[in-house]
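Input: a single structure, listed below in structure tokens.
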Ligand code: 5GP
Ligand code: ZN
């Protein structure tokens, strides 16, 4: 079976698995997360199957954030996180690109974030900046 045929989000996009659909266009599909971190937790996906952000065509990606914005506004959430995980270590469980819109109503519900900031190192940043720019 191909990765696409086995993909749970491809099945949701096709309607083979039911979902609480919030939005659909030629290239985009959005629905409620089945195990929400908070009330209103939604997922926005490109119909194009790809596991990571770098696998998705720009035209599909360009249409995603306006849909995330529409759902964030409709949710009424004052505080919310937009999250897109890539790879197992980065907490991706479903290998079809998806953007989470997660309302943050209080300290306990919604996304909990670990933010292990490190001290500023200007020399390291300067070198890294040059390395990345050279590959863009
Ligand atoms: P990830 O950890 O890959 O970024 O997030 C995957 C998300 O997909 C999880 O929040 C999970 O609850 C959601 N999810 C997994 N399977 C289904 C499903 O069959 N239906 C819906 N609506 N959401 C799902
Ligand atoms: Zn898929």
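Cβ coordinates are placed from backbone N, Cα and C, and glycine is handled just like the others.
These come from TrEMBL:
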- 98: active site, tele-AMP-histidine intermediate (ACT_SITE)
- 8-111: domain 'HIT' (DOMAIN)
- 96-100: motif 'Histidine triad motif' (MOTIF)
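As a summary of secondary structure, the motif 'Histidine triad motif' (96-100) carries 0 helix, 2 strand, 3 coil according to DSSP. Summarising the environment of residue 98 (active site, tele-AMP-histidine intermediate), the number of other Cβ atoms within 10 Å of its Cβ, over all protein chains shown, is 22.
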